[in-house]
Every structure is written in structure tokens, then in C-alpha cells.
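Comments concern the structure below.
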Amino acid sequence: MSEAADLGAVPAPGSIRLRRDSGLYGYERALHRAGLDPVAGADEAGRGACAGPLVAGAVILGESKARRIEGLRDSKLLTPLARERLYDEITRKAVAWSVVAVEPEECDRLGMHVANLAALRRALLRLDVAPTYALTDGFSVDGLGVPGLAVWKGDRVAACVAAASILAKVTRDRIMTGLHETYPEYAFDVHKGYCTPLHQERLDAYGPSPTHRRRFVNVRRAARVDGVSSHDGVDDEQGEQGEARAS
């Protein structure tokens, strides 16, 4: 954030009525009516993948109807083509936006939960415009200097969070497509690093690449010659297949 927001007139978060059934822009409208403007949303992509970076996006859409974006929704509910189109529109219309990546080595060092919070925090702090309120998908993020709210499945009920999810997903997919050029044997362009049967087959055949996350138990089991043993004391992470189906 370029400057700290003035919190003098900010109402207590508990005094603001936010409803999940008020439409995709309902959270932002309620916060704007309470004098909280601008409102930022943040979300991540790649938490459940066992390879590649964790990517977080943050977006301020603004109150103007001219900035409304048709077809905005959770990135996992969109086709790759629709995500690319919306990515271009979001980056063109947003008051401010940012994207950050946490590399696999840092994910291994921090653990995925802490890495996830760090990514969301960094994305919000990197915005060129300082928000007065932050909406985050699923997890509360401290250290922002502004009040905020963690919203369960926020990318389905808050426009700025949905926009952030699209920026994060598109950016990460592009990174994984680029990693496919470096490591074609893993088919990163197909599964984007998620733990699909195809990915596990390639992982078992070739062992982990430098972009695999060693905290994930399936990666460590597949290691042939690796500096991390299966009894090194770090917590096991379990991968996900879900987002690969939307790729």
C-alpha cells in the first residue's frame, strides 16, 4: 500500500451488516455505505498443488458502475478462455490490483498455511491504492493496518475477491505453462501442478523436479535422491485435485 489508510472514521466491523445472499457486489455496497471505500479483495491459487508457486491476487474494483465486470465469478467456475478475458478486463478497469508468487522453497520452509497468509498479505500490501477494508477468502490476515473480514467461499459472494481469484489463477496457470517448457516430462501444462493421476504417474517415473514442494508426502515418496527424507520432522501436506479439472 502506498500510504496507510486513515482509520479515524472507520466504523466497528461488527456494526456493518453483511449478507451472503445480497449478490456478488453486496459486500462492497454495504461497506461503501458504511463509509469504507476503497475495499480490497484477496484470494490465492495453488495452495493444494504439489508443484509450482502459490500465487495470490488483490483487487480494488471501486464503487462506480462503469467498473462493473460482467461474468465475474469464482475462477474455478470459469473456462480458461473466460478467465483470460476477465483477467484483461479486471486489470483494465480495477482501481488497483497486484499479484505475488511464493516460490516452492518458501512454501516448504513456511508450510502451506503460513505461506498462504503471507501471499495474501503481500498482495494486499503491494496495492498502489491503500484500502480502508480488506475481504479475504477463507482466512483472516493480520498485519494489514486496516480492518478486514475472512469470508467463507468469498470468491463466490464478493466481487473483489472473485476478481482476485481470477488474477491469481490466470497468473499461476501461465507460470505452470512456462514451467512445462523447462520440465516437459511432468505435463505441467495439463494439470498445473495439482495431484492428478497423470501428475503422480510422471512424478513416480521421473522423481521430483526443483519446482516440486517437498512438504507434500506424495512428492517425498517419489524422491529418488533427495535432501529431504520421509522422516525429517516437517509436517506432511496433502495435495488436491480439484482445480485441475477447471484448467
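Note: Cβ is positioned from N, Cα and C throughout, glycine not excepted.
Within the same chain, residues at least six positions away from Asp137 (divalent metal cation binding site) with a Cβ under 8 Å of its Cβ are Gly41, Ala42, Asp43, Glu44, Ala150, Val151, Lys153, Gly154, Asp155, Val161, Ala164, Ser165. What TrEMBL lists as divalent metal cation binding site is Asp43, Glu44, Asp137.
Feature annotation from TrEMBL assigns domain 'RNase H type-2' to 37-228.
Marked as region 'Disordered' by TrEMBL: 227-247.
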> Taking all residues of the domain 'RNase H type-2' (37-228) together, what is their mean pLDDT?
Replying inline: 93
>> Please identify, from the binding-site residues Asp43, Glu44, the residue with the sparsest Cβ neighbourhood, meaning fewest other Cβ atoms within 10 angstroms.
In response: Glu44
>> An 8 Å radius from the center of the Asp43, Glu44, Asp137 Cβ atoms defines the neighbourhood of the divalent metal cation site; name the other residues of that chain inside it, in order.
In response: Ala42, Ala45, Ala56, Gly57, Leu120, Thr136, Gly138, Gly154, Asp155, Val161, Ala164, Ser165, Ala168
>> Helix, strand or coil by DSSP: which one applies to Asp43 (divalent metal cation binding site)?
In response: strand
